[in-house]
Amino acid sequence: QDAAKGEAVFKQCMTCHRADKNMVGPALAGVVGRKAGTAPGFSYSPLNHHSGEAGLVWTQENIITYLADPNAFLKKFLTDKGHADQAVGATKMTFKLANEQQRKDVVAYLATLK
């Protein structure tokens, strides 16, 4: 995982995200280790909100998997936790990052944002 390369990849994310303020997506400073759906002042989709209530924490591994397919990740998480009835709708995040190394690098960068 290379945080410097991840910072370059993160430029794609800046359409919707910033480190220090909510935009279309939530602020990402401190996201690693944060409970899903809890960035202050951000209005989350029900899918994200329910995932946080069901115990989803944004570990580096979870974010790497999430970035490949956000909706599929959250729906699987809720279903695996016995909350299939809440695994409906969609997250606001429609972007998918297919390249696994880029996902690892961007998460390494996110981990530096405090």
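The backbone N, Cα and C atoms fix where each Cβ goes, and this holds for glycine too.
According to Swiss-Prot, the feature heme c binding site maps to C13, C16, H17, M93, an assignment based on similarity to another entry. Taken residue by residue with DSSP, C16 (heme c binding site) is part of neither helix nor strand, so it is coil. Note: C16 (heme c binding site) has non-local neighbours M23, V24, G25, M93, F95, i.e. same-chain residues 6+ apart with C-beta under 8 A of its own C-beta.
Residues or ranges marked as pyrrolidone carboxylic acid by Swiss-Prot: Q1. In the three-state DSSP scheme, Q1 (pyrrolidone carboxylic acid) is classed as coil.
Neighbour counts of Cβ atoms within 10 Å were taken for the recorded positions Q1, H17, M93; the minimum is at Q1. Cα to Cα, H17 (heme c binding site) and Q1 (pyrrolidone carboxylic acid) are separated by 21 Å. Across C13, C16, H17, M93, which the record gives as binding heme c, the greatest C-alpha separation is 10 Å. Residue pair Q1 (pyrrolidone carboxylic acid) / C13 (heme c binding site) shows a Cα separation of 18 Å.
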